[in-house]
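According to Swiss-Prot:
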BINDING   L15, E35, Q128, L152, D313  FAD binding site
ACT_SITE  Y231  active site, proton acceptor
Amino acid sequence: MDRIEIPVLVVGGGLTGLAAAVFLRQQGVDCLLVERHRSTTFLTRASGINARTMELLRNAGLEETVIDRSLHLIEGKRWRELGQPADRIPWVVLRARDLADIERAVIVEEPSLDVADVSPTRAQWCGQDKLEPILRDEAVRRGADIRFHTRLDSFAQDADGVDAVIVDRGTGARTAVRSRYLIAADGVRSTVRQALGVTGTGHGSLGKAMSVLFQADFEPVLHGRRFVITYMANPQAPGVLQTFDENRWIFGFFCDAYGGGDAAFDTGRCADIVRTSLGIPDIPLDVQLVQPWEMSHHVADSYRSGRVFLAGDAAHVHPPAGAFGANGGIQDAHNLAWKLASVLHGRASDALLDTYHQERHPVGTEIAEQAWTRHTYRLDGDDELGRRLVDTKVVAAGYRYTSSAVLGAAYPTAIPHELALTGLPGQRVPHVWLDHDGRRVSTVDLAVDGFVLLARADGTPWADAAARLAATTGIPLTAHVVGKTLTDPADALAAATGLGEAGALLLRPDGFVAWRSDTSADDPEAVLDGVLARILART
């Protein structure tokens, strides 16, 4: 049996696993990814990519590629406009009796696309079937070992690493893999999570469901109107219609509404269900794929078990309402990747990896509850549930961390009710446009491959200390002084953060503020050295 030694083994080649491979290679970490299916997915239950996830993809050099392959979201209020181009889609969620009477549809949710004050990029509508190949190709380009049609057969961990056996499903060839760490991104039914015996909490199963991918010309009914999702409030035939791409759609329904989970749902029956629910019984449909799945709400009680980490659906699963699932998985992967890199490159102790659970578990728990609340509210419109909803922009960009990897942060919740990005530790750095060598750059773009010390005009001693520490410790740490290496004519950074003239922010590789000082210090190098030691768990 062949044997491979690799720093990180990633199990699962969906969005989370492929993103992990990209981010690990971006941080200079070798990895092997195994995925039991032959290729990336042909169907999508994830299309909405929020602005925060786009920031991560932007920093990996993928923003333009994703935009080129996306439907372009426009303001939801424009959904009634006739004759819209097929590649434009209003970001709106509707509830309608049937599609034939779409003019009477009620707006259930209309997320704002106006994020220019929050992010250097914006949300996109890019199906999982398009995004997975983008991530796969980028991971391969960066040097990741990606193996589809390969399954994890077994694994066992010890104090120093993980021993696994993988099997090529085509040839039956078995390979022993020794890794320092394992990322389980193997989905809702994660075999790794089950083998570890990790328990979870949540509302449990919400029912067996079917997704029907089909092609149809709805122009005679819609007259160019477009929307992201419409909940069909047809008492005899309820379901959800989602735009897939320019000429294809996905219709989802709970099996219990049509005879139970054991009933046969072939393409012919599914086509009839779609026609009935949409109220247009004679329209031609080309059903291309029917996929059963189970909607559930479950969050793992622990995201870490020794040298194994749960990410994406393996860690948290919830209804698709809000498009939080794939976004959360990609953000899990990014949070974990820079921490693994810090440990594997000898810059941090293994204890830094405990902050993955400390940070991502509260976020995953609260996002799962938001998704469940949105799902229930969209179905019945209960006002009490509506009052519990947090704006999508806040959920996407406003989550914050309380952990030992941020100093001075103690938040009662991971997701605030109102957006607050003010440069405090535990928050993503507020987006401010600055000028660097004649080029406009966002503060969000500064910390890509390492830490960044961002000082105001009188904070040069902080920047000088950072430069010395980078040289002596090997920690990737770049220093910028506003007014010297960066210019800020509008003084926007001070307005956004309230940072003092002699103050500085320390940004982590994920763009979150790890520490701040509003004043100078007698020995800035000693202070900053101690700060980094605490963040990287070296003390």
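Glycine is treated like the rest: Cβ placed from N, Cα and C.
Everything Swiss-Prot records as a feature, shown here on the structure.
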residue	record	CB count, 10 Å
L15	FAD binding site	27
E35	FAD binding site	25
Q128	FAD binding site	19
L152	FAD binding site	22
Y231	active site, proton acceptor	22
D313	FAD binding site	26
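Straight-line distance linking the Cα atoms of Q128 (FAD binding site) and the residue listed as 'active site, proton acceptor', rounded to a whole number, equals 21 Å. The two recorded residues Y231 (active site, proton acceptor) and D313 (FAD binding site) have their Cα atoms spaced 24 Å from each other.
Put simply, the two farthest-apart Cα atoms among L15, E35, Q128, L152, D313, the recorded binders of FAD, are 23 Å from each other.
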